[in-house]
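Colleague: Got a structure for you, questions after.
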Amino acid sequence: MFELNNFDALQIGLASPEKIREWSRGEVKKPETINYRTLKPERDGLFCERIFGPTKDWECHCGKYKRVRYKGIVCDRCGVEVTKSKVRRERMGHIELAAPVSHIWYFKGIPSRMGLMLDMSPRSLEKVLYFASYIVIDPKETPLLKKQLLNEKEYREAIENYGEEGFVAGMGAESVQKLLEEIDLNQVSKELKEALKTSTGQKKIRLIRRLEAVESFRKSSNRPDWMIIDVIPVIPPDLRPMVQLDGGRFATSDLNDLYRRVINRNNRLKKLLDLGAPDIIVRNEKRMLQEAVDALIDNGRRGRPVTGPGNRPLKSLSDMLKGKQGRFRQNLLGKRVDYSGRSVIVVGPELKMYQCGLPKEMALELFKPFVMKKLVQGGLSHNIKSAKRMVERVQSEVWDVLEEVISDHPVLLNRAPTLHRLGIQAFQPVLVEGRAIKLHPLVCTAYNADFDGDQMAVHLPLSVEAQAEARFLMLAAHNILKPSDGKPVCVPTQDMVLGSYYLTLDKENAIGEGRIFSSPEEAIMAYQIGDIDIHAHIKVRISKEVDGEEVCGIIDCTPGKLIFNESIPQDLGFVDRSVPGNEVKLEVDFLINKSSLGKLINKCYMKHGPTKTSIMLDKIKEKGYHYSTIGAITVSTSDMVVPEAKKRLLAETDVEVNKIDKMYRRGFISEDERYERVIEKWTKTTDLVADELMKNLDRFNPIFMMADSGARGSKSQIKQLAGMRGLMANPSGKIIELPIRASFREGLDVSEYFISTHGARKGNADTALKTADSGYLTRRLVDVSQDVIVREEDCGSKEGFEISEIREGNEIIEPLSERLTGRYSAEDIIDPNTGEILVKKEEYIDGEKAEEVEKSGVKKIKIRSVFTCKSKHGVCAKCYGMNMATAEKINIGESVGIIAAQSIGEPGTQLTMRTFHTGGVAGSDITQGLPRVEELFEARKPKGLAIVSEINGTIRIDETKKKRTVVVIGETEEISYDIPFGSRLKVSNGDVISAGDEITEGSVNPHDVLRIKGPNGVKNYLLSEVQKVYRLQGVDINDKHLEVVVRQMTRKIKIEESGDTEFLPGTMVDIFDFQEENAKAEEEGKETAKGRITLLGITKAALATDSFLSSASFQETTRVLTDAAIKGKVDPLLG
């Protein structure tokens, strides 16, 4: 058996005929597969046992040798080696072709590699290969040119004129092979380099392409004539199996059909050659052989694909690699695993944070081998076989053993789709009755799970290492923070929030108001026996030990707050304990809602770490559920109070709208202005009605409580329930100017209802499209950044990246403190007012420091950033900064690339799909939401392009009747820009503008930014633009994730002049290779290469990665492999 598991790199190359014969165990001579009577493989056929090995373990074909004791003997009668049948998965055969044929990948791909090597167009090459024209191989003394094409008539004339011996011409792959053999790579390479120095334009591009191909062959020690195939390898039979179906029929892999066609045609050609058949017949047979081999390698690439029964194209070798069902994505990147199960989930509020309920039968099946081993060890059964029988019959002793086995063996729970790493977490299993998995309610947010029939899968980590990883890294109690922004993901929701909110409410004049209790316990007891109301204002005496001394004091509170604070550590920093008299105050003395719960959990995590936080969360969960039940908060129609003022407000607006219409009819205002004003009026009215409504609602109104606490619903939903629904959009997204006046409480009439359905339908369609788009974006992001890993502690980079707050107009999108937290400073940060050093160079900035810096009024700061990291593979820990998921410094080996891709991709489904139609006469559509993110990451030219100034200067606006022109007056030159009709200007006369600033509204083309502002400018632009989209949707993503991806997009340099280096002009090289090569050239006193950084979209960047396996598994599989094989690429298997 061929075992190969420990290797560091993979190389791919062209296979020479010798190599193929070396791999092979024998030649396949017949197209037969298996004998229809005996169902045994035919000798010398496609399933031959002599070539590929026995079909049954330790048994030869004729049955002379059976049993293991004959291992390794080759049978003297049938020639089959006695060995395991598993060898049929790895032994290869070959077919000796009677005439050479070309490999379609190298002849047909773009650019055609064969065409480049011979300097011929693919069309003329095709004529020669498929026997339509002759090609002159050696003109000798005749005036014919080498590689000249001749048709039948010209060929005959040439023979008449110069005789048969006068020149050599031929057709088919043989002739091409001869020409390829003649190529002297070193000589051609020299000639091309000389020619390059003088050429320009299209010619230069063609030369560069040829040089690239020639250099690939020269460096990789592949021979160009190996692109022509003399011998075809036959892949092992178990990779193209033939299986018997129930009806006695056979199903076979398409490859067998394709191989059979090749063998049939090859044998016929051999026979024809032996018989000395006329040229034209042989030629036809050769062409058919060429076509058969093409179909085998890549069916459908040239001409019509070969079809099987039912007109279905057969799957060729290339198709076996391509696409979601191909070898890469189906078998190498994702496999199905055993020791797994799936079932429906139900809520388990009684579980601890780190537990999950596992159904008994499922657990028994999953842990079967462990249970069997324990049964034998404990002497309950004598051997494994009887233990297995015990488990299968489910005898009573088995359950006790199962409990024992399960006790310290974590399991992994996963819910599809797994959008980020919190989609798989580890839990301690608890056996439950029934057949459903029980899930802790707090981890639902991370899984995005609910209990309306969702299913989850259970996996079992087997090895000790896997169990340790599950326990220490993946346990749900350790995964409290989101890797994308470092905020808690385990925030209580719905009932838990409502219960906590209810507990911390207070009420005037409640039963027992003003009473004084000697201790919290007494107060709580008084509440439990019904003496006082849970919301009553009371006074309580509290005594605490501070620094070994007892401190007493009386505080104002409510029984509810006392109960809530029992579960909260009293040192989280909500109360300043250093102030005298504050020692005994309650930590949480405010009304709890969803956002304050988030803050609470965050503070607890930062102060006490995950374990204590998970305990606190469990307590909050229990109290929340308990008190939301006791509060008995229900919803009824009487809770929706329609405000009195609504009628009056609607009547007033009607009058106003009529006035506007009148003005329009009299021609004072345009149609567009009228429309805008009407919309504005109704929007204002809707808001006024909503405000009236909110004023009317009682603090204890159940609907108000649900919305106010953040448990469910929002102000806008209450507005629709009891206020008015307001303006709706029609299917194209334009707002209909007639509002829906009714609320749901009053009921909609038919036309109102109809208008409402537009939005709902569009919403559903959008969601479906969005999910697919978002998933594809994530996949591209993963592919581009998957090899970014923290490789070293400090790369020693001296340059920093300058950051400031991100603004959109007057609105701060991302404050400076958020951008600073968890980073290292690249310079001393000095307080502009006092001049003291706030943060030293290379110092770590935590949350408190960051806020201090922001308050001091510093506007711009240089920090260590992934952008300026000098690590060649991956990044260093200092440039990356804090690990968002643990709030600690990042460890070496952490795969930050994948985390970045997931953090950007996972919220993708929350972004909107629509392009907003901006108001105004000629408002251009500004792309937003998911399409905008995609546009930025793919570095496309955006819709609604803005005009950008190329230089620094002042603005002058010239307006004539025909057009507007903006002139930028710089120090040395002035540039004028014509403004297209309908664009909105962002500048006015006399403004001072700097290079790269927008003159009109819209989106800037990132390639322009790169040209004008340089690499740092474009990095900053991409980062802040993507942030704007996400932040406007209320999604927080930390900068560093975007930095990782953008860095991958700006890693390549396009060579402009190669100097004395190995690079070829026009090629893309990695920025680090570029610097290394140039440094080497400088040392030796040679001329260095010149190039400029290019911006690649994520798809291109993923395909341009150094690892050909990564690119091949991503997209365009055949193209990537063709290229890699010629270059003889080595994949170092990093990442």
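Start at 1 and count along the chain as shown; that gives each residue its number.
Placed from the backbone N, Cα and C atoms, the Cβ positions cover glycine too.
Below are the features I grabbed from Swiss-Prot:
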- CYS60, CYS62, CYS75, CYS78: Zn(2+) 1 binding site (BINDING)
- ASP450, ASP452, ASP454: Mg(2+) binding site (BINDING)
- CYS795, CYS869, CYS876, CYS879: Zn(2+) 2 binding site (BINDING)
Colleague: Could you tell me which of these binding-site residues, ASP452, ASP454, has the fewest other Cβ atoms within 10 Å of its Cβ?
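Modeller: Minimum Cβ neighbour count within 10 Å, taken over the binding-site residues ASP452, ASP454, occurs at ASP452.
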Colleague: List the other residues in this chain whose Cβ sits within 8 Å of the Cβ centroid of the Mg(2+) site residues ASP450, ASP452, ASP454, in sequence order.
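Modeller: Not counting the recorded site residues, we get ILE345, ALA449, PHE451, GLY453.
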Colleague: Hey, does DSSP put CYS876 (Zn(2+) 2 binding site) in a helix, a strand, or just coil?
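Modeller: Reduced to three states, the DSSP call for CYS876 (Zn(2+) 2 binding site) is strand.
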Colleague: Check the Cα-Cα distances from CYS78 (Zn(2+) 1 binding site) to the binding-site residues ASP452, ASP454, CYS876, CYS879 and tell me which is shortest.
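Modeller: Of the binding-site residues ASP452, ASP454, CYS876, CYS879, ASP454 has its Cα closest to that of CYS78 (Zn(2+) 1 binding site).
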Colleague: Between the binding-site residues ASP450, ASP452, ASP454, which lies closest to CYS879 (Zn(2+) 2 binding site), Cα to Cα?
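Modeller: Sorting the binding-site residues by distance from CYS879 (Zn(2+) 2 binding site), the top entry is ASP450.
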Colleague: Taking the recorded Zn(2+) 1 site as CYS60, CYS62, CYS75, CYS78, identify the other residues of that chain whose CB atom sits within 8 Å of the mean position of the site's CB atoms, giving them in sequence order.
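Modeller: Going along the sequence, the neighbours appear as HIS61, GLY63, LYS64, TYR65, ASP76, ARG77, GLY79, VAL80.
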Colleague: Using Cβ atoms only, which residues of the same chain lie under 8 Å from CYS869 (Zn(2+) 2 binding site) while being at least 6 residues apart in sequence?
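Modeller: Set apart from CYS869 (Zn(2+) 2 binding site) by at least 6 residues yet with Cβ under 8 Å, we have CYS795, SER797, VAL875, CYS876, CYS879, TYR880, ARG1047.
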Colleague: Find the shortest Cα-Cα separation between ASP452 (Mg(2+) binding site) and the binding-site residues CYS60, CYS62, CYS75, and name the residue that gives it.
Modeller: CYS60
Colleague: Pop the Cα-Cα gap between CYS60 (Zn(2+) 1 binding site) and ASP450 (Mg(2+) binding site) into the table, whole Å please.
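Modeller: Between the Cα atoms of ASP450 (Mg(2+) binding site) and CYS60 (Zn(2+) 1 binding site), the distance comes to 58 Å.
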Colleague: By a simple count of other Cβ atoms within 10 Å, which of CYS876, CYS879, the binding-site residues in the record, is least packed?
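Modeller: Sparsest of the binding-site residues CYS876, CYS879 by Cβ contacts within 10 Å: CYS876.
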Colleague: If you measure CYS62 (Zn(2+) 1 binding site) to ASP454 (Mg(2+) binding site) at Cα, how many Å is it?
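Modeller: CYS62 (Zn(2+) 1 binding site) to ASP454 (Mg(2+) binding site), Cα-Cα distance: 55 Å.
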Colleague: Between CYS60 (Zn(2+) 1 binding site) and ASP454 (Mg(2+) binding site), how many Å separate their Cα atoms?
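Modeller: Between the Cα atoms of CYS60 (Zn(2+) 1 binding site) and ASP454 (Mg(2+) binding site), the distance comes to 52 Å.
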